Amino acid sequence: MTTATIDKAAPTRKVKYGSMSRDRAWALRWSYFFLVIFAIFFLTPPIYMFITSLKSSAEISAATNPWWVFHPTLENYAGLLTSNQFLRFFWNSAIVSIFVVTITMLISVPAAFALSRMRFWGSATLATGVFLTYLIPETLLFIPLFKMFAVIGDWTGIQLINKWYVLLILYPTLTVPFCTWIMIGYFASIPKELDEAAVIDGASWIQTLTRIFIPVAFPGIIAATIFAFTVSWAQFLYPLVFTTSTDQLVMPVGIITSLIKGDVFNWGQIMTGALLGAAPPLIIYAFLMDYYIAGLTAGATKG
Amino acid sequence: MADVTLRKVVKRYDEVEAVRGIDLDIADHEFVVLVGPSGCGKSTTLRMIAGLEDISDGDIMIGGDVVNDVPPKDRDIAMVFQNYALYPHMTVAENMSFGLRLKRYPKAEIKSRVDEAARMLDIVELVDRKPKQLSGGQRQRVAMGRAIVRNPKVFLFDEPLSNLDAKLRVQMRIEIKKVHQKVRTTTVYVTHDQVEAMTLADRVVVMNHGRIEQIGTPNELYHKPATKFVASFIGSPAMNFIPCRLEDLAGKLHVRLTDRIAFPLPPARAARYQGIPRADKLLLGLRPEHITEAKPHPEPGVEAFETVLDVTEPMGMETLIYFTLEGAQVCGRVNPNAGAQDGAPLRLAVDLNNMHLLNEVTGVVL
Ligand SMILES: Nc1ncnc2c1ncn2[C@@H]1O[C@H](COP(=O)(O)OP(=O)(O)OP(=O)(O)O)[C@@H](O)[C@H]1O
Ligand SMILES: [Mg+2]
């Protein structure tokens, strides 16, 4: 009787198993289909830029096949990398981004810790408020902000407009709320018993933050750092509005203001500049991704 | 090392009163277990001793000092959590030494304490591993090690074994007992498992609905429960409760179970229950081991009767039998050779020397 049951069950199970793997095969086929389409879609512009960056101005204006380089040259790269102006933009961008990332992390990590763990009066409302500020676009803010800095300049004599360091005040308004929000999420996933254990072990709030929370939520800190860096490296509107002198410009604005003269577009150098400008975020992603993927609280609890 | 005292301790969460006035004296070196059903306020009580929860009312004293407003880190206690709460980014040794490092103990002292604790818990070869490379039982040992190295005044355990499988739980229970025999630190241990409570405790505190139901040694609770709640909570299988009345028959006090069955009480019991009104609705409390197969020459106070069994459960060493009396299911323990069979009649004996009589309404043991 037992054998009969098994014989009966076996084909049923096989069919079920087969259909499951067929589902999976189809799911994979669709995933590949869409992934390939997206990859083509998003990789075409940079490839086009790369091809163009290898052409001389003469070849670009000759309007030959845009997807092929007949006389490859590095003159655009050489031109930019020896241009003091371009190096200045690059340097400004780097300084601004590094400062902004530092400022952002110094504010948003303790803020997230306080909002997620210290449970003071109004902390929940404040946490929501922090996120809401992130939803207001900078296109809405740049005129009032400009006016504000102008007024401050009139009253105090401190001129912030057209100085690169004005960006150190502006960018954190974009990065701090979002990074705080990310960190609140990461801190919330740390079991409450972990800070209770630390408190009983004799740790102060600051020690709990620096010795337990920051190391445990390190992947979250990496994610927030990447975000803050990308935002400040790629930000376009604020530097366009608030900085004008060439020595104060950051890269995205610098490229278009210095390489477009009237209606003359220096396409080769524009493409080269954009490619070189995209390199630092790529390098940062590549380095930090490993940490980002590492597990968060594995082993803290029963698992 | 210190004693711990709770005076009329109350904990209110908005509407709910989780703990409703607890008085408890825990002596130095004592191992006290708080036990009770889920939600009865055990963890809350423990967390108030730890300082993780504010107390709404009353006083908590550790070593004679009122610690109501002392933060956890200054109470000199160590706590072991149900889910271990190990620091995932630190090695076992770093986990255990974290508290000492915060207090800036000399390196040599830290090392010797960690080594000693690791040896005591048999985790010497694990000290350089991260928590994620450990099994559940090993993590639990590390959590205990972290408490031991601090050499605190009081150990607090909140259901430390409930995440382990049954076999490991028995093993760790013995381990905890051994550790306590060595370090003799005052311990408060929370569990909802009455076996754990009975085996570990010097004294057991049975809690129910935020109050203490009874405090006593495991033996006292088992043999002299104060209430029906304690009587039914302690012991497995649980005590039987059979509706009954007292009755005077031929000049002797009897306990009447059914129209057919009435047992004369042994003299000591008869004297004790003499004053109870005969009309009161009572419960006869009998542990399963006091309902056995009838023997040819019964001792005084052991009375025989005949019943039909519903179900039998052979356990090897003994057979559990279930039958119904006055609508109450009753469990007994008989010898495997007594011939107990499902649905068959069997002559049983009850040992009335170990009986309890309870008021059916109030649940108080008389
Ligand atoms: N933060 C809180 N807010 C409101 N009520 C709470 C809170 N913490 C606990 N309670 C309530 O207090 C009561 C006691 O909780 P406690 O955690 O002490 O139970 P317990 O005896 O440890 O139970 P268990 O065995 O399930 O752990 C419960 O009824 C619970 O709902
Ligand atoms: Mg609990």
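Each residue's number is its place along the chain shown, starting with 1.
The backbone N, Cα and C atoms fix where each Cβ goes, and this holds for glycine too.
The feature transmembrane segment is assigned by TrEMBL to A:30-51, A:89-114, A:126-152, A:164-188, A:209-230, A:272-294. The domain 'ABC transmembrane type-1' annotation in TrEMBL covers A:90-288.
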Recorded stretches the transmembrane segment (A:30-51) and the transmembrane segment (A:272-294) touching, at least 3 CB pairs under 8 Å:
yes
With a Cβ cut-off under 8 Å, give me the same-chain residues at least six positions beyond the ends of the transmembrane segment (A:89-114) that come close to it.
120, 123, 130, 164, 167-168, 171-172, 175-176, 179-184, 186-187, 205, 209, 213-214, 221, 224-225, 228-229, 232-233, 248-255, 258, 276-277, 280
Under a Cβ pair cut-off of under 8 Å, which of the recorded stretches A:164-188, A:209-230, A:272-294 contacts the transmembrane segment (A:126-152) most often?
A:164-188
